Amino acid sequence: MTLRLKQAFLHHTNGVEALRGVDLQIEAGEQVAIIGPSGAGKSSLLNMLATAIRPSSGDIEVLGERAWHLSARQRQRLRARIGLVHQAPPLPPRQRVVTAVLAGKLGQWSLGKSLINLLHPLDVPGARAALAKLDLADKLFSQCQQLSGGQLQRVGIARVLYQAPEVLLADEPVSAMDPVLAGHTLSILSRHAREHNVTLVASLHAVELALAHFPRIVGLREGRILFDCPSAQVSRDMLDTLYANEQLQSPAPAVTPLIVQIPRC
């Protein structure tokens, strides 16, 4: 299997229990959508699968490795095989799109090669090809601050496609896109995963998009998995229980501006 969680709990420092006894197995090449109301723990679950955060208790296995039993160096090598798409990609405003996309390989390059790439992009054709898949080839040398929220999200996706990971995790990857573009972008991700046998796991707030594009659906509420089944078996009653006291999201949420985060050195 590619991903496995066994009785995983996550307690934040403020006392909030984000995940409660999660058991989850995902095989190589599977495509899975995680749905649930705001605050259900979807982002926490994805970050745990990405080994970005350590479970408070329980066990996690990623690509055959017990991630938190590895040395820091070994875990860093493991992370280079995992791609994570952020809802708001942390792209410096003045960074050129070509540099942002090529950053997908930083975990696989030496320090010297990475520094050279900051001054002189080393694989312009590769970056252009990744952007072309998302209809953004014309933005290759634009600054990130010149792009819309939806375009920034697509740059983040292009960066992960260029990285070519074995596991692709996407946290609300189309939240700033209109319904048509959101569906088109998810189709691109799904096709890429299928053609390259990549394991794809995405959290989505838009239930209809999840049901339309993913064969397996995991319903998460208050840090617990309420159901895990083929999309064709997801019923209205199951969704009503999952989203009790919540309003189901339409095919894609209203476009909201993204805050571009500048990573600190």
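Each Cβ is built from the backbone N, Cα and C atoms, and glycine gets one as well.
Per Swiss-Prot, the features are as follows:
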DOMAIN    3-247  domain 'ABC transporter'
BINDING   Gly36, Pro37, Ser38, Gly39, Ala40, Gly41, Lys42, Ser43  ATP binding site
Binding-site residues listed as Ser38, Ser43, least Cβ neighbours within 10 Å:
Ser38
Let me know the most crowded of the binding-site residues, choosing from Gly36, Pro37, Gly39 and counting other Cβ atoms within 10 Å.
Gly36
Return the average pLDDT for the domain 'ABC transporter' (3-247) as a whole number.
96
Write out, in the order they occur in the sequence, the residues of the chain not among Gly36, Pro37, Ser38, Gly39, Ala40, Gly41, Lys42, Ser43 that have a C-beta within 8 Å of the mean position of the C-beta atoms of the recorded ATP site.
Ser203, Leu220, Arg221
